[in-house]
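For reference, TrEMBL has these:
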type: DOMAIN; residues: 7-112; note: domain 'PH'
type: DOMAIN; residues: 186-284; note: domain 'PH'
Amino acid sequence: MPYVDRQNRICGFLDIEENESSGRFLRRYFILDTQQGSLLWYMDNPQNLPAGADIMGSLKLTYISKVSDATKLRPKAEFCFVINAGMRKFYLQANDQQDLVEWISVLNKATKITVPKPGDVHAETPQEVLGAMKQVSYKMEIIGGVPIITATQEQGEGQNGADRGGLKRGQNQLPYFLSRGTQDQTVVKAGYCVKQGALMKNWKRRYFMLDENAVSYYKSELEREALRVIPLKEIYKVQECKQSDLMMRDNLFEMVTSTRTFYVQSDSPEDMHSWIKAISGAIVAQRGPGRSANTIRQARRLSSPCFQRYSPFCSGECSTE
């Protein structure tokens with residue numbers, strides 16, 4: 001879901017058809033900056049990218065005439081909507097129906113033409129217009145009378161771009177390959193989050209899985225072996241992180257164990273609260289009187305409903321990492 005970050009910008013992940021009519025959608029992190037009047041997209045959340053990382057593309061809000069549902073125009077692209085900018089159409093995919101409705105609403109609201117009152121007009125300086133473009137190579141193309149700014153060098157588009165595209169529909173999709181030792185576990189919730197490293201304190205995107213016994217994380221959803229398994233019996237507190245202001249991270253929660261505190265960043269506030277409720281519910285189910293099937297199902301209901309859409313991959317009996 002789109003959310004408002006600390007700079008009062010609307011942010012979130014979407015899939016975009018960057019090359020018109022290619023049919024290939026790539027996962028990107030979008031920032032709707034109404035103050036600067038731009039829609040920007042990156043390979044990932046800029047907080048997780050190196051300082052000065054290139055933007056993948058940008059579009060001035062003044063060139064957007066309409067944003068609308070495009071599911072009938074692109075029946076094979078689930079939750080698809082279109083941004084009309086002159087003669088160019090940008091097709092994007094949301095994560096679910098609610099995400100689709102909210103993005104269409106915020107984009108149409110941001111592009112409404114309003115007449116400023118006298119004295120309220122703000123003339124942008126060249127420094128403000130260039131902003132993050134300093135020392136970065138860009139190209140401007142006039143497509144259908146609309147200026148489109150894109151990075152001239154799409155670094156990492158080869159392997160990393162393909163990996164991002166692979167994340168597409170399934171923020172909560174289960175892995176195709178599961179290690180033999182995890183096949184008897186019931187998956188409660190799964191999806192991508194960003195976690196802080198123990199030593200270098202850097203942030204990396206990992207695929208998390210919660211089952212009735214542990215929270216595990218993998219390098220990607222296709223990996224067989226978990227990078228780490230955190231037994232639920234070792235977790236005594238799961239909550240929204242109180243140090244998020246110090247870390248300047250949105251949607252941050254923490255899992256506290258006796259040996260370490262794990263800091264995990266979700267893609268949206270809803271996803272963060274869903275993880276907190278799901279992990280807390282799984283802990284209660286494990287430590288309560290008898291782990292019946294009902295208690296496990298109750299824990300699963302606390303997780304995101306989006307997860308249920310991908311359960312056919314595992315026939316309801318998939319495992320954790």
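Just so you know, glycine gets a Cβ as well, placed from its N, Cα and C.
Secondary structure of the domain 'PH' (186-284) per DSSP, as helix, strand and coil residue counts: 23 helix, 45 strand, 31 coil. Across the range of the domain 'PH' (7-112), the DSSP-based residue counts are 20 helix, 40 strand, 46 coil.
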